[in-house]
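Contents: one structure, followed by commentary.
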Amino acid sequence: MNDRKIPRSIGIIMDGNRRWAKMNGLPSLEGHRRGYEKLREVTKWCKENGVKNLIVYAFSSENWNRAKEEVGYLMNLFREVIGRMTEEALEDDTRLLFLGERHRFDADILRAIGNAEEKTRLCASFTFGIALSYGGRAEIIDAIHRIPKEKLSSLTEEEFSRLLWTKDIPDPDIIIRTSGEQRLSGFLPWQGVYSELFFVETKWPALTRKEFDRILGEYAERERRCGK
């Protein structure tokens, strides 16, 4: 990307898996698997462009309310891919962080998450945050409940940020949402207050490198005031 401005951290709401599958004559649940493959691609694009941090909205707190068949499919997909992600992360010096209400997952998934974070905790070239069972309001409430335990003499924005699930990853400079919806759906409400927002019509599995690079190019041209 030569000398142009590169975002330090990107957040992505990966929307449109099921609609993409239906548009392409595939079972709707197959869209989630294709979405995972696209995520592997986009992670590579980030690294090639010099981006050092990525946070993706993989499964929201509200997604537990979807049909039992779909939730079960997603849990099995998580079981399948977390180990694979861990191996690939170790090869690429990538730290994995899982952000969300962990207590809602089965024990085997919790073990896989813990193993992934422990094995990659010293990796430093890239940080990859996966928001699973994540809700922005739930994150803030969890942080509020932790304040008395921390015995803070005062509470600043910086101190509060250190109580959040995202404490080990920078706030996103960019938030991208695919599939045309123009809302954040509870994704990083505290962290994204000054993020540049990009909404694209393309369904997540169909996102192209050209579209991704266009977003980075447009970001480089924007002047971020951050309230100043």
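Using the three backbone atoms N, Cα and C, a Cβ is placed for every residue, glycine included.
Over in TrEMBL, the protein carries these features:
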- Asp15: active site (ACT_SITE)
- Asn63: active site, proton acceptor (ACT_SITE)
- Asp15, Glu196: Mg(2+) binding site (BINDING)
- 16-20, His32, 60-62, Trp64, Arg66, Arg177, 183-185: substrate binding site (BINDING)
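Counting only same-chain residues at least 6 apart in sequence, those with a Cβ under 8 Å from the Cβ of Gly16 (substrate binding site) are Gly31, Thr178, Ser179, Gly180, Thr202, Lys203, Trp204, Pro205, Ala206. When Cα-Cα distances from the residue listed as 'active site, proton acceptor' are compared across the binding-site residues Arg183, Ser185, Glu196, the shortest belongs to Ser185.
Less than 8 angstroms from the CB of Arg18 (substrate binding site) sit Ser28, Leu29, Gly31, His32, each of them six or more residues away in the same chain. Separating the Cα atoms of Arg66 (substrate binding site) and Glu196 (Mg(2+) binding site) is a whole-number distance of 30 Å. Under DSSP, Arg66 (substrate binding site) is assigned to coil, being neither helix nor strand in the three-state scheme. The Cβ of Trp20 (substrate binding site) lies under 8 Å from the Cβ of Gly31, Arg34, Gly35, Lys203, Trp204, Pro205, Ala206, each on the same chain and at least six residues away in sequence. Comparing local CB density within 10 A for the recorded positions Ser60, Asn63, Ser185, the maximum falls on Ser60.
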